[in-house]
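Undergrad: Attaching a single structure in structure tokens format; questions to follow.
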Amino acid sequence: MTLKTPPPLNTIFRFTVIGLVIAILATAFAYVGGWLDPGRLTPDRMINTLEDNAGVHEGYRRNHAKGYCVVGRFESNGNAASLSRASVFEAGQQSPLIGRFAIPGGNPNANDGMPPIRSFALQFQLSNDEQWRTAMNAMPVFPVSTPQAFWELLKASRPDSKSGKPDAAKMSAFFADHPETKPFLAWAKTAQRSSSFVNVDYNSLDAFRFIDAAGTTHFVRWGLVPEAPFTAMTDAQKQDPDFLSKDLRERLEQGPQRWHLIVTVANPGDPTNDATLVWPEDRRQIDAGVVTIESAQAQADGPCRDINYDPLVLPDGIAGSDDPLLSARSAAYSESYNRRTREEAESATPSTQEPQS
Amino acid sequence: MNSRTATFSVPARLLHWSMAIMVMSMLFIGIGMVATVSERHVWLVQLHKPLGIAILALVIVRLLVRWRHGTPALPADLPPWQRAAAHLSHWVLYALMLAMPLIGWTMLSAGGYPVTLYSGITLPDLVSPSATLYSALRFAHTWLALSLFAVILIHLTAALYHGLIRRDGVLASMTKGQKHP
Ligand code: HEM
Ligand code: HEM
Ligand code: HEM
């Protein structure tokens, strides 16, 4: 091949073409990365809003910051094996658990009596390299059904710098704009705060899919039902900002604590993309086995500290649903995890700069 | 390694172009998936991991092909600094194509995550969990990805410079497999 005849277009035009190609690629990259799109709800913005509300507490989770590590095991009775081929559900299968009890909010020094909700996160270690992670709340429904609405709720509930309380007018404006919050508000009005982490029901809230051995999908939600009977928070407990951890330690000294893993199966047509709606009472429920918690550790050096309870870390046989909260949780938890692990790496004594309860 | 062929072999060209598409896609998928909480996040992550591991496998094959078939010489009249820049940038591209997936895999292991490529297909852990290591690798994954994108833009500029300005057959050696003049 020889050099061609003189250029049909002048050299300046050719340089312009090259420049344009590069500029278009760089701009597209910046756009996809969100830099040219300030309106987009990114994980970064979600976590910044959580930090606006609670402050930055280095090394801690940006939500559910105050919590305790626990360990135990799950023993499957085989009842869920017909719905999901996940090995965790095989009859007699034992899976080690690393869990975490917590209260919602970004403040690691919060008062246990304040929030009406307790949370329980679990990591099931399966026999191969797979894991099942789930982060459950003690409530029947979630207040909102979309990440955007959750973000707006966070902004509306930002505490006032003087009173330390959210602006009531902003809150009621938010609830008025979001009728989907009604089931949650109705529950919150009458819900009693529990005296313990170990005597409440926890709920996945989001729907998931179980995939059986034949490849058939079943929409489900799961939850934990405790063996310990519910009792309400006492007035004496109310005075102690750390009563939940003390209670947990006392109960575990008496013996392991147990829950039944209850799987609720949707009927065709039940909402799977909306965590604000309960499914009707008569839906099939399966007791899949027993979760036993044996001991607790402080989160500063406990085994749950460096776990991100991303609800989409799932084994074969369990998958996410069309619930838009799931993707948002996965993205936001990862950003929270990135920030807190970076802070941990940067500080010589991880997660212990603040008083640890 | 320095054996000279007249042009890029067919496997070298197939690998170059398929991997060019894959690597560019990976950069856009990666940067896009961490910038949204929408449902795109999940499916982009599900694409990111297997595609990244595929790049790891292909770059190994590609280095073997390169070692076996060699590469054509650059035009004799190319200024020495451009020649040096070409060689250096190609090695940087190879190094990053190898490093990025390895960092992604190791980073997930260090974060205690199962490295799931597809439901039921989980890669073994490369390291035991360590928040410090996770954090360092997560940082590297971002900044090396941005460096890779920058080097690719320079590479593309150079390729177009050869194709549109110098018209010396270098671009054609990778597109049509033609020989340099
Ligand atoms: C878009 C909606 C949501 C956002 C943005 C969000 C955000 C967060 C964040 C940033 C964390 C800290 C993660 C970490 O650093 O490891 C967290 C923890 C948690 N979230 Fe959410 N969340 C959302 C919805 C939900 C829902 C629907 C539930 C109900 C089951 C839930 C339950 C929990 C629990 C239990 C934890 C504590 C996990 C642990 O103990 O490590 N979240 N959330
Ligand atoms: C050629 C290969 C790869 C390229 C070019 C690439 C590129 C990227 C980019 C650009 C990001 C966004 C970084 C940011 O903006 O912070 C990213 C994130 C990520 N990459 Fe990769 N990647 C590659 C391979 C892999 C592999 C093989 C894995 C795992 C098996 C992986 C796992 C991840 C994960 C998990 C994230 C997001 C982490 C988070 O949520 O913070 N990557 N990647
Ligand atoms: C998108 C448009 C691209 C064009 C037009 C292009 C063009 C070319 C050309 C003409 C060569 C031959 C250079 C020579 O003769 O030494 C080449 C080599 C090379 N390209 Fe690309 N390229 C593109 C994208 C990429 C991408 C995305 C990558 C991956 C990161 C890449 C990696 C390489 C490498 C490593 C070589 C050196 C091959 C060797 O010597 O073994 N290219 N490219």
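Heads up, the Cβ atoms here are built off N, Cα and C, so glycines get one too.
Automatic prediction, not curation, is the source of TrEMBL annotations.
Annotated transmembrane segment per TrEMBL: A:12-36, in sequence order. Among the features that TrEMBL reports, domain 'Catalase core' is placed at A:26-357. What TrEMBL records for A:His64 is active site. Residues or ranges marked as heme binding site by TrEMBL: A:Tyr333. Annotated region 'Disordered' per TrEMBL: A:334-357, in sequence order. Taken from TrEMBL, the feature compositional bias 'Polar residues' applies to A:348-357.
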Undergrad: Rounded to the nearest angstrom, how far is the Cα of A:His64 (active site) from the Cα of the residue listed as 'heme binding site'?
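TA: Cα to Cα, the residue listed as 'heme binding site' and A:His64 (active site) are separated by 11 Å.
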Undergrad: For the residue listed as 'active site', which residues of its chain lie six or more apart in sequence with Cβ-Cβ distance below 8 Å?
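TA: Listed in sequence order, they are A:Ala102, A:Ile103, A:Pro104, A:Gly105, A:Ser119, A:Ala121, A:Ala135.
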Undergrad: How would DSSP class A:Tyr333 (heme binding site) in three states?
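TA: Helix, per DSSP.
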Undergrad: Over the domain 'Catalase core' (A:26-357), what is the model's average pLDDT?
TA: 95
Undergrad: Helix, strand or coil by DSSP: which one applies to the residue listed as 'active site'?
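TA: SS state of the residue listed as 'active site' = coil.
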Undergrad: Looking only at Cβ atoms, how many others are within 10 Å of the one on the residue listed as 'heme binding site'?
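TA: There are 25 such Cβ atoms around the residue listed as 'heme binding site'.
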